[in-house]
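Record features (Swiss-Prot):
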BINDING   Ser15, Gly16, Asn17, Lys19, Asp158, Gly159, Val160, Lys214, Glu215, Gly303  ATP binding site
REGION    40-61  region 'DNAseI-binding D loop'
SITE      His74  site 'Not methylated'
Amino acid sequence: MGEEDVQALVVDNGSGNVKAGVAGDDAPRSVFPSIVGRPKNPGIMVGMEEKDAFVGDEAQTKRGILTLKYPIEHGIVTNWDDMEKIWHHTFYNELRAAPEEHPVLLTEAPLNPKGNRERMTQIMFESFNVPAMYVAIQAVLSLYSSGRTTGIVLDSGDGVSHTVPIYEGYALPHAIMRLDLAGRDLTEYLMKILHERGYGFSTSAEKEIVRDIKEKLCYIALNFDEEMKTSEQSSDIEKSYELPDGNIITVGNERFRCPEALFQPSFLGKEAAGIHTTTFNSIKKCDVDIRKDLYGNIVLSGGTTMYEGIGERLTRDITTLAPSTMKIKVVAPPERKYSVWIGGSILSSLSTFQQMWITKEEYDESGPSIVHRKCF
């Protein structure tokens, strides 16, 4: 195959957003919500093309009359029919590229069940007829995009958070930690604490409004207890937000109480350790000789690491846990919302990567299990 002249397509399937584009670009051409919406009462949508499903932004704009579903939960695909719709939309509507003409690089969550990546492989070759494909682990791509091959990635998106120690380009599976606490949980928690203020948000459409409030107004306190005290004494941290109907609501200490759950999951009724402790535990599971390299290269990735104040707070909390002489460095690249995609763009453009693709011939010969031999 003359793969040199054909650009690969890179698709990062997140629980919240799909990031898609062409290898070699420095940013995804298309970012849209991983949503499939179906009419609440079929037959109601007069004068609109009778579609049984809407994907992405179109589902978002018509959300009032649709039931919205996310086919990826906690980083793992739970509804393959909807997932196929999302991929179809990605290739044909967003990228306007025929998948049978391009190698496709997909991403997956660390510790993804084996059956999941086999199913991805099968759909790509059998439904979309791709000439070649590859499945890469999201956190490893984020590290590549930061220009490193060794470090620990704290990747937190909409559906799941992971800490993934990587040494010389290889993830260390025994030390990967997974935390089922990410952006979607924080949005739900913000809905809950806004309820206590008397603002009732409940439908799937209203949840999207709360997500927007979270992204625009929330931040992480360096010291939570002190911030709470300050917020009780003054109204400086109060901000107003205009709802789509023109009403204005006021958001106060919810601004930092919401993302505090990343450090204190007990706020959500979860027994898990916070992201600082999880990162520390992940490093402790690694060989003592490489820990220094990991402590000095803690790389943030994913939309849920975009809160103001997260780098300072993590540095402080991990310094408290780590050996006292250890130098702690948290790296927060400005483009970290898309660093998984950027890493995929870099990887699939490398000349050395071209022999890594799983080709159609190999798939026909070995079946879906080929993915475990070629993608690691």
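Along the chain as shown, residues are numbered 1 onward.
Keep in mind that glycine also has a Cβ here, set from the backbone N, Cα and C atoms.
Recorded features from Swiss-Prot, shown on the structure.
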| residue | record | Cβ contacts under 8 Å, 6 or more apart |
| --- | --- | --- |
| Ser15 | ATP binding site | Ser34, Tyr70, Ile72, Glu73, His74, Gly75, Gly157, Asp158, Gly159, Val160, Ala182, Arg184 |
| Asn17 | ATP binding site | Val31, Phe32, Pro33, Ser34, Asp158, Gly303 |
| Glu215 | ATP binding site | Gly303, Met306 |
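In the three-state DSSP classification, Glu215 (ATP binding site) falls within a helix. Neighbour counts were taken at the CB atom with a 10 A radius for the recorded positions His74, Asp158; the maximum falls on Asp158.
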